[in-house]
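Asks: First the structure, which I've put down as structure tokens, then a few questions once you've had a look.
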Amino acid sequence: MQVLKTIEELQNIRKNSLGKVGLVPTMGALHNGHISLIKQARNENDIVIVSIFVNPTQFLPGEDLDAYPRRDEADKKICQMCKVNYVFMPEISTMYTKEEVLVKAPNKSYILEGKTRPGHFDGVLQVVLKLFNLTQPTNAYFGKKDAQQLTLIQQMVKNFFLPINIVPCDIVREEDGLALSSRNIYLNPTQRKDALLISKSLYMAGSLISSGERSVKAVKDKIYEVMSILDVEYVAIVDKEFNELETIEPTNTIILVVARFGNTRLLDNIWL
């Protein structure tokens, strides 16, 4: 495994790479969710590149950029264990200049996550496009937990005619159902226990729909009821292009939940 720090190193490697290339973009602090993406990429490609870069442009003022967990040495060991070929770990000054041509996310980026974090998805798309241009992957792997981000990246690839296959990967959970997140380490024991109500509410919603419930309001009300002790930021029921639904479509629905635990935001969802 080789660790790359510069654009020149990465471009030279890519220029001489043959076969399928899989990219797994991350911000580090790798956990079993990331490992599942990396292992899938390893199974489906000749060369696997993992990027580790805490992207400043997707953080808003007052968010946890400086506090975001950084575990570079541990992350490199995980990548080596997963038989990654190249780890790209650039500095901010490598990825950004003072004058930048900007990527503007579409209107759907200003709902849900984007409503709470305006401009967040502009930064996400900016860095992902840079990584795509640098690595020119055959396949790029993203988790379904960040469902709105995944949908916007798919749209960017389509709009910019990028010859890249976006691979959506299932959410990985702890044994008790909590969706894996690098931010879970911020939770105290009480918050960690209460956070289980998020996945519990989603499982319950899925069960209701499996039993024939099609009312968006009825399902939302039940979710809020299960999470009544939590600081719920939003509950949304949308189709897979993030249009609001009047009636639940069992094979074309995503149910999303975000709750706050102090300064920590946790998001989760289920895809039907």
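Just so it is clear, glycine is given a Cβ too, placed from its N, Cα and C backbone atoms.
According to Swiss-Prot, the protein has these features:
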- 27-34, 143-146, Val172, 180-183: ATP binding site (BINDING)
- His34: active site, proton donor (ACT_SITE)
- Gln58, Gln149: (R)-pantoate binding site (BINDING)
- Gln58: beta-alanine binding site (BINDING)
Asks: If one measures from the C-alpha of Lys144 (ATP binding site) to the C-alpha of Gln58 ((R)-pantoate binding site), what distance in angstrom results, rounded to a whole number?
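Replies: Checking the Cα atoms of Lys144 (ATP binding site) and Gln58 ((R)-pantoate binding site) gives a distance of 18 Å.
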Asks: Ranked by the number of other Cβ atoms within 10 Å of their own Cβ, which of the recorded positions His34, Lys144 ranks first?
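Replies: The residue with the most neighbouring Cβ atoms within 10 Å is His34.
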Asks: Please identify which of Met27, Leu30, Val172 has the densest Cβ environment, defined as other Cβ atoms within 10 Å, among these binding-site residues.
Replies: Leu30
Asks: Give me the CA-CA distance between His34 (active site, proton donor) and Met27 (ATP binding site), in Å, as a whole number.
Replies: 10
Asks: Restricting to the same chain and to sequence separations of six or more, state which residues have a Cβ under 8 Å from that of Gln58 ((R)-pantoate binding site).
Replies: His120, Phe121, Gly123, Val124, Val127
Asks: Would you count the other C-beta atoms found within 10 angstroms of the C-beta of Gly33 (ATP binding site) for me?
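Replies: I get 20 for this one.
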Asks: Can you count the other CB atoms that lie within 10 A of the CB of Gln149 ((R)-pantoate binding site)?
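Replies: There are 22 of them.
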Asks: For Gln149 ((R)-pantoate binding site), what is the secondary structure state per DSSP, taken as helix, strand or coil?
Replies: helix
